[in-house]
Every structure is written in structure tokens, then in C-alpha cells.
Amino acid sequence: MADEPKPISPFKNLLAGGFGGMCLVFVGHPLDTVKVRLQTQPPSLSGQPPMYSGTLDCFRKTLMREGITGLYRGMAAPIIGVTPMFAVCFFGFGLGKKLQQKSPEDELSYPQLFTAGMLSGVFTTGIMTPGERIKCLLQIQASSGENKYSGTLDCAKKLYQEFGIRGFYKGTVLTLMRDVPASGMYFMTYEWLKNLFTPEGKSVSDLSVPRILVAGGFAGIFNWAVAIPPDVLKSRFQTAPPGKYPNGFRDVLRELIREEGVTSLYKGFNAVMIRAFPANAACFLGFEIAMKFLNWIAPNL
């Protein structure tokens with residue numbers, strides 16, 4: 001028999017989501033570094049090859065020039081930001097589901113799950129944008145040959161000194177454009193696959209680890225299929241010199257399409273997709289493990 005439905009606890013989602021986010025960063029950061037460097041590399045001069053010819057070339061050159069630490073450059077910022085960010089993300093999803101339920105027995109439709117996921121994207125933008133801004137600046141400085149920042153705190157301090165609090169929130173609109181629809185797709189896909197993988201008469205809470213990993217991994221792939229174009233624009237905008245794009249993302253979009261074509265909106269696609277499966281598989285597995293632990297120690301929380 002299937003278990004009785006449990007009331008949704010946004011607070012448990014908050015705690016378990018933070019742990020899931022930490023798992024995601026440790027697994028996925030090296031390829032995130034590759035992704036950002038591919039997205040922000042300047043156009044190659046006539047007759048000269050680009051700095052990186054692709055995902056594997058960027059990975060190899062980073063490893064050769066900077067060692068394994070180069071692949072984890074800038075990780076402190078997402079670790080500091082990602083725990084509360086994923087906590088808030090899963091909290092927003094849990095709250096979005098709870099607001100649409102009249103009782104714990106109500107099964108939400110997939111459009112309702114998509115809506116709950118979009119709410120989580122709105123919730124996370126305030127935390128996500130500063131961390132992404134610092135992370136991107138640190139990730140590209142080594143490949144550009146400029147060492148303006150010695151680390152996460154130094155980057156944060158200099159950003160504040162130069163631009164004030166607004167310096168941390170450069171790219172907020174693009175972060176919203178990326179995360180709101182992508183988060184809806186993320187959670188809807190995960191819930192759909194969990195239901196698909198659950199044998200008849202069983203509970204989704206009894207899913208095996210391999211099935212959770214597959215559901216989480218494909219949720220990450222579907223998420224990034226939606227998110228890549230605005231993510232490319234965001235990375236380019238957040239790492240640009242002050243004043244380069246006075247009209248915001250519209251200027252970035254026009255420049256990219258004019259100089260590099262529509263395919264430039266999918267720069268870093270291979271790195272993103274290679275990273276998306278293992279990183280998000282780790283995230284959802286971490287979330288489910290933490291949730292089981294919380295349900296065990298505090299069933300009525």
C-alpha cells in the first residue's frame with residue numbers, strides 16, 4: 001500500500017534544499033567554470049583560432065595552466081550563496097505547492113507544479129544575483145590574464161567600493177528571465193519523472209537511489225535547455241566593463257547576434273549539459289536524503 005500523504009512542510013524543504021544545493025556545487029562547479037569561460041571568451045581575431053575550441057579544450061587548458069584548483073576557482077561564492085539559495089528555492093517550491101493544495105490528499109497537476117517551481121525562481125533571485133556576479137568575475141579573470149581580485153571577499157569588497165550595493169545586482173532582470181521559467185521546468189520535470197518511475201501501488205518516497213538520480217539528472221537537463229540563452233546573456237552582461245551595455249540585455253543580445261550569430265546564445269551548451277545531469281542528480285539525492293532524515297527526527301515539523 002502507498003503511504004498516507006504527508007502535509008507539505010516548506011520549512012523542511014528549506015533545510016533539505018540547502019543540503020541539496022551544497023551537493024550540487026561540489027559535483028558541478030568544475031564544469032560551471034568551463035561554461036562561464038566559454039560564454040565570455042572574446043571573439044577570435046581574423047585568421048586566429050579562438051582561445052578555447054570547445055568544452056574539452058577549455059577543460060584541458062584550465063587543468064594544465066591552473067591545476068585542479070583552477071576548475072574550482074570562485075567556488076566559495078556559490079557555496080556561501082548556494083546553501084541559502086537552494087534552501088529558499090526548495091522552500092519556494094514547497095510553499096507554492098502548499099498554497100495550491102486544499103488538503104494533503106490533493107494531487108497537483110503538472111501546470112500547478114510548474115507554477116510552484118516558477119515561484120521558487122522568483123524567491124531565489126535576490127540571493128542568486130550577487131553570488132553569480134562574483135563567481136563569474138572570478139572565473140574569467142584567470143583566463144583573461146588579469147588578477148584584479150584575490151578571492152571572493154576581495155571581489156565583494158571592491159565591487160561595493162566601486163559601485164555600491166547596486167554592483168552586486170547587475171544582471172537581476174536576466175537572472176529572473178533565466179530562473180523563473182527554468183525553475184518551473186526543473187521541478188515539474190522532477191515530479192513527473194518521479195511519478196513515472198514509481199510502481200503502481202507504491203509511494204514516490206520509496207524510490208530507489210538510481211531512480212532518484214535519473215529523475216534529478218534529467219530535471220537538470222530540462223532546466224538548462226530553457227535557461228541557457230538568458231544565462232549566456234547574463235554572463236556576458238555581468239562581466240562587461242561599466243557602461244558597455246547602456247540598454248542592458250537588449251544591447252548584449254544585439255551584439256551577440258550581430259557578431260557571432262544566433263548560435264552564440266548556446267555557448268557553453270556542451271559544458272552545461274555535461275554538468276547538468278550529475279550536478280542535479282546529486283542535488284535531488286541530497287535533498288531526498290535530508291528530507292528522509294528530517295521526517296525521521298521531526299515527523300510533525
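Glycine too: its Cβ is placed from the backbone N, Cα and C atoms.
When LYS35, LYS170, LYS234, LYS244 are compared in Swiss-Prot, the N6-acetyllysine annotation sits on LYS170. Of the candidates LYS12, LYS61, LYS157, Swiss-Prot marks one as N6-acetyllysine, and that one is LYS157. Going by Swiss-Prot, the topological domain containing PRO210 carries the same name as the one containing ALA290, and both residues are therefore on the same side of the membrane. If you compare LYS97, LYS148 in Swiss-Prot, the N6-acetyllysine annotation sits on LYS148.
Under DSSP, residues within the topological domain 'Mitochondrial matrix' (231-267) fall into helix, strand and coil as 25 helix, 0 strand, 12 coil. The two recorded residues, LYS148 (N6-acetyllysine) and LYS157 (N6-acetyllysine), have Cα atoms 12 Å apart. Distance noted between the C-alpha atoms of LYS157 (N6-acetyllysine) and LYS170 (N6-acetyllysine) is 15 Å. Here the transmembrane segment (13-31) does not lie next to the transmembrane segment (212-230) in space: the count of CB pairs under 8 Å, restricted to residues six or more apart, is fewer than 3. Of all Cβ atoms in the shown protein chains, 11 besides its own fall within 10 Å of the Cβ of LYS148 (N6-acetyllysine).
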